[in-house]
Amino acid sequence: MVKDVEVGVGGTEYGVKDYQDPPPAPLFDAEELGKWSLYRAAIAEFIATLLFLYVTVLTVIGYKSQSAADECGGVGILGIAWAFGGMIFVLVYCTAGISGGHINPAVTFGLLLARKVSLVRAVLYIVAQCLGAICGCGLVKAFQSAYYVKYGGGANELSDGYSTGTGLAAEIIGTFVLVYTVFSATDPKRNARDSHVPVLAPLPIGFAVFMVHLATIPVTGTGINPARSFGAAVIYGKDKAWDDQWIFWVGPFIGAAIAAIYHQFVLRAGAVKALGSFRSSSY
């Protein structure tokens, strides 16, 4: 149990909150491989990512086909951003109690670095997410065969007029916003401090996805989710999507790593606590 002292203006201590940090997840736990809960969680990640890609990519294809016939038709960028953010809100809400509601390899990677999940669970989740994304895009192609390839298959590509560095930076910053929000919304310290405020964690996470899409759709189409980019590229199969694919893996993983380090070692003072523990043990 950790005592958290809130400090106000002038250094006045005005409250103490108790909260329990969960123990770090083991890097490798062989016993976990024999538990049904692990595979149930992986199935939940697979289904959630499938549904996520199905609804969102179908929205993108529908918008492009409608706007081709009428420039004022379709849901527009705002509608696409709502589709992505809204689906994350719904799916995180549905799966949080089963798998944690990652639905994104970058989120899983960030939580792995923070020792929130084991390496075994992280690898299984990422595989399930990528397979779910492929299946979700496959359904879209099956239902929209006349429009899928014609309107880009919902694949992420670097837009004309933007450099590779700009696209990479957009993915890093966008993923940082998302993963930072995930850490903040699920922080046990926040739950203790704001116990009087009913905070629904999926809401700020979904809203973060919505806001990032508004900002970066014109640049990269907004990846911030390697599974989303990978699944669309596999089913679309065109060279341009594969040429830019590395951006949608490297950028999100760097952004997730920065968010994990910032939250764990700066905001939660993990480095200071570790140093303090080391000094105490040395006496």
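Keep in mind that glycine also has a Cβ here, set from the backbone N, Cα and C atoms.
Whatever TrEMBL says is automated annotation, not expert-curated.
Sequence-distant neighbours of the transmembrane segment (38-63) (same chain, 6+ residues past either end, Cβ-Cβ under 8 Å): 32, 74-76, 79-80, 83-84, 87-88, 91, 94-95, 98-103, 120-121, 124-125, 127-133, 135-137, 139-140, 143-144, 147-148, 151-154, 227-228, 231-232. Among the features that TrEMBL reports, transmembrane segment is placed at 38-63 (among others).
Annotation source TrEMBL lists transmembrane segment at 75-98 (among others).
Here TrEMBL flags 118-140 (among others) as transmembrane segment. Within its own chain, the transmembrane segment (118-140) is flanked in space by residues 25-29, 32-33, 38-39, 41-43, 45-54, 57-58, 61, 99, 102-105, 108-109, 111-112, 148, 153-154, 226-228, 230-232, 234-236, which lie at least six positions past its ends and keep a Cβ under 8 Å from the stretch.
The transmembrane segment annotation in TrEMBL covers 161-183 (among others).
Tertiary neighbourhood of the transmembrane segment (203-225): same-chain residues 77-78, 80-82, 84-90, 92, 103-106, 155-159, 162, 166-167, 170-171, 174-175, 177-178, 181-182, 184-185, 244, 247-248, 251-252, 255, selected by CB-CB distance under 8 Å and a gap of 6+ residues from either end. Residues or ranges marked as transmembrane segment by TrEMBL: 203-225 (among others).
For 246-265 (among others), the entry in TrEMBL reads transmembrane segment. Using a Cβ-Cβ cut-off under 8 Å and counting only residues 6 or more beyond its ends in the same chain, the transmembrane segment (246-265) has close neighbours at 104-107, 109-111, 113-114, 156, 158, 164, 167-176, 178-180, 182-184, 187, 220, 223-226, 229-230, 271.
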